[in-house]
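Noted in TrEMBL for the protein shown:
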ACT_SITE  GLU466  active site
BINDING   HIS465, HIS470, GLU523  Zn(2+) binding site
Amino acid sequence: MFRCVRWWKKVPTRMGFEPTRAEHNGLAVHRLNHSATSSCRSMRRSQSSLSSVQALRLKMVDSQYYLPNDIGISKLDCVEAFRLLSPQEKMYAHYLSRASWYGGLVVLLQTSPESANIFVLLQRIFRKQNPVQLEQVAVEAGLSSEEYMAFLVYASGLYANMGNYKSFGDTKFIPNLPKAKLKALVWASQAFQEQPAEMEVLWDSCSCLLYSLEDGQKQLGLGDKGITTYFSGNCTLEDAELAQRFLDSKKLSAYNTRLFKRVNGEKSSYEVRLASAVRKGQDCSQWCQRESELFINTFRIHPPFEAHKEGSRYWIKDKGPIVESYIGFIESYRDPFGSRGEFEGFVAVVNKAMSERFASLVSSAEVLLPELPWPREFEKDTFLKPDFTSLDVLTFAGSGIPAGINIPNYDDIRQSEGFKNVSLGNVLAVAYATQKEKLTFLQEEDKDLFIKWKGPSFEVQVGLHELLGHGSGKLFVQDDKGKFNFDQSKVINPETGEPVSSWYRDSETWDSKFTTIASSYEECRAECVGLYLCLNKQVLSIFGHEGQDAEDVVYINWLSMVRAGLLGLEFYTPESKSWRQAHMQARFVILRVLLEAGEGLVGLEEVTGADGKPDARITLDRSKIHTVGKNAIHRFLCKLQVCKSTADVEGGRALYDNYSAVSDSSAHNFLRLRETVLLRKEARKLFVQANTRVSGDNVELVEYEANQAGLINSFVERFQDDAEQLEADLLEMSKRDAPCWC
């Protein structure tokens, strides 16, 4: 449910919500091996005369929009961690998991207009017939084994991403089988046989958008950049900026909101919809304000943002719990404007052995922070030692699972009260496992070393990134009484040599000031901190690396970053000149910085692969990391921090946009390299998570196989207790908002 704040603005044009987009006839681009609908036939004929180079280019672009049948699927193993919990702790973990999973369904409505309907369609099919039972139905409906596998892969992808857009990259993905074949399978399913009228209506409500790849639907974005359900379809960047100014003036956060615009004549009205379990007009005063219920109140009262902030204050004081959890509207990566949070909820169990290493890093933080390349005045007045633990994930509900977390995201709390760092051990164990034959863009002599040290080096990088990256740096603020948290007369901007001349006002935050670049800029800053401080022998020793092993860890960490910068080109869209993934944009920026450093530090060349197709090779001179590399990161990191501390949006944006630019006119043809990256890309892994089930006084862990069937079955069983009501609620909410998407 959503509670609304409305205000008005005069505008010269446009009348109300535009009608819902007319039904599409399916896929609008060339496919590798088939056409989605007959409407594509003329396009295929016109493309038959394309040169082989043009055809290859189309195929490379097209492969972004479906998941391959051989996509990796891994199980998040938490058996041992769960076994060691007490009965009470298991029960606690069970109910927190249920809250997370049910809340996570909101992400369907935060992702795309059709995601909720597709989810319900799949749930109804698989509730009646599991993937094994449905296979024979598929054969009889005329699907090949590859086509049926493509359907299972699509379903797995939708569940794992909580929608039909990739959580990492924000690109739409569609089924890799003809629309007619998928329809035949739906019509042959038991769910359709039992309720043909309802299933046909459900199919009609989502099947066209399910396959559509019109330009405005290929990726998430605002206005002509793509599709988003954080804003109604007629909202523009200017509307988002206006709304942010209004919210700032009222000291309201955008984290748990969506923005909807209506035009009537020369006036526009805006609704700020607040996520709430309270129906419109319902009295909210009955809920108490006790500390134990602050997170509950987050979803009940207005303004819920304040309840979540207050709950976060108590949460950061809860040091070293055996069962750790956090829930709410947290990360703003997928809001095109950068200030609205996507729902997530996680429940995890502490890995005590690994947590000891992170505790040692926390203890060393006060020694390490002064090594960062900005003046002392630009660092927090006091380092508030956070909780830093390694966790094995039991439940992570949302659109994706990260490797590490630094929360809460409220800058005022992180700066003056504290935060927590989390490394997700069982995610790290499987997410970055690499097969030698799938390693791209490296020299052969680097591959074995890369495989050996990728995991350990990433563990070091995650620790530094979360604790001393996101946990470092001061924001200069003037509060509503005019008081400054820094000495205006003494603090000098090291980039200009002049006194600091800009800062944040009381109601302004990092996200509200830097908006569209805030997430990626901050990830870049944290990644640079990791690269910079991993050169410290004390840090390497904390993680158990000495001598030559320590040098190998440094080399592979830096090489991984350079390679990731090249791989990041997959997440750039030339048509809109926009980036779709904050971390990968950050890594590309770092690649540009290291290439600019020169002196042979980093090499990047285009070559022809053994298969005769375009390829690329990256090199890193390990002898120059501690000199040329360190100096380059030192200079860049200082600039990033100074702009952030001083709220210098203009300077920060100019700096970041310059390094983010992807063109064919620089020393390296990054647009052409992007095509090579797309040609040789590997799909991101999907994760299968366990469920928990109450049996008498005990809680059992229910595991699933690491394949498509296992992932699908886990979601069907996750919501089986009240499936029909839940599905009806999702469809009702989706239908209610349908007129809002132009």
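The backbone N, Cα and C atoms fix where each Cβ goes, glycine too.
Any TrEMBL annotation is an automated prediction that lacks curation.
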Within 10 Å of each Cβ, count the other Cβ atoms and name the one among the recorded positions GLU466, GLU523 with the highest count.
GLU466
Say we define neighbours as other CB atoms within 10 Å of the CB. Which of the binding-site residues HIS465, HIS470 has the fewest?
HIS470
Applying the rule Cβ within 8 Å of the centroid of the Cβ atoms of HIS465, HIS470, GLU523, what extra residues of the same chain belong around the Zn(2+) site?
ASN406, GLU466, GLY469, GLU522, ARG525, ALA526, GLU527, VAL529, GLY530
